[in-house]
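Asks: The following block contains the structure, expressed as structure tokens.
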Amino acid sequence: MFVSRLAASGLLLLALMALSLDGKPVQQWSQGRPPGPPIPRLVVQQWSQGLPPGPPIPRLVVQQWSQGLPPGPPIPPLVVQQWSQGLPPRPKIPPLVVQQWSQGLPPRPKIPPLVVQKWDPPPVSPPLLLQPHESPAGGTTALREELSLGPEAASGPAAAGADGGRSGSKAPAALHRLSKSKGASATSASASRPMRDLRTDGKQARQNWARMVNPDHHAVGGCCCGGGGGGARRLKGLVKKGVAKGCFGLKLDRIGTMSGLGC
């Protein structure tokens, strides 16, 4: 209620102020400075008509502009025909020149086959040759000769002494032949010794491998039985008794025991 009363009183005051000031601002502006002098009619007419027009163009000049510039001299018919036909054609290329361009440049000379054949093939390395001490065949042959000549070499001097009177002429020849064969067999045996040492199927290689695998058993066997043979026999006995077992509890065969291929 109080707010509405304040609003009504404010509106009433505004209405009273408007009634009291009604017509006073308009009269104040109308009573201000006097207006400037009015524009005379002549000036108004001058601005409306614009600048005075220039002198009129005489009729002769008007006709001259309408007709344009005087035409030039007419082109003679010969010149007209020349432009219609265009420029005279150029001289034709002779047939010989046309054929030369169509054929193009002469082909380059081909490389003779002799130059192609001059390329040498790549060098081929010679095959590797085995030395006498690396030849497995020589070592086997030397081993066979040594084994075959062993008893004869042992019994050769004794037999020669016993049968000296009987075969006097044949004994020196036999001794000479025996010495030659012994020398050859010794040379071949010394040459094939590395190959025999590298072979894994020999008795000595098996004994060495057995010593490497089970040094304790071989040490005991060597003391009791004397040598590597006792150790090898000791190992075989242990295998037979079932001491040596595989990875999965199975018995090891001879190859697995000696070479370590059981697992």
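Here the Cβ of each residue, glycine as well, is placed from N, Cα and C on the backbone.
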Asks: Can you tell me which of these residues Swiss-Prot lists as pyrrolidone carboxylic acid: Q27, Q45, Q67, Q207?
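Replies: Record annotation (Swiss-Prot, pyrrolidone carboxylic acid): Q67.
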Asks: According to Swiss-Prot, one residue among Q28, Q85, Q204 carries the annotation pyrrolidone carboxylic acid; which one is it?
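Replies: So the answer, going by Swiss-Prot, is Q85.
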Asks: In Swiss-Prot, which of the ranges 33-39, 89-95 has the region 'Angiotensin-converting enzyme active site binding' annotation?
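Replies: In Swiss-Prot, residues 89-95 carry the label region 'Angiotensin-converting enzyme active site binding'.
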Asks: Going by Swiss-Prot alone, which of Q31, Q99 is annotated as pyrrolidone carboxylic acid?
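Replies: Record lookup, Swiss-Prot, feature pyrrolidone carboxylic acid, residue Q31.
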Asks: For the feature pyrrolidone carboxylic acid in Swiss-Prot, which residue out of Q81, Q103 does the record point to?
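Replies: Looking at Swiss-Prot, the pyrrolidone carboxylic acid feature maps to Q103.
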Asks: Region 'Disordered' per Swiss-Prot sits at which of 152-171, 212-231?
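Replies: Based on what Swiss-Prot states, region 'Disordered' spans 152-171.
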Asks: So how many of the residues in the region 'Angiotensin-converting enzyme active site binding' (89-95) end up helix, strand or coil by DSSP?
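Replies: Output for the region 'Angiotensin-converting enzyme active site binding' (89-95) reads 1 helix, 0 strand, 6 coil.
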Asks: Taking DSSP states H, G and I as helix and E and B as strand, how many residues of the region 'Angiotensin-converting enzyme active site binding' (107-113) are helix, strand and coil?
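Replies: The region 'Angiotensin-converting enzyme active site binding' (107-113) comes out at 1 helix, 0 strand, 6 coil.
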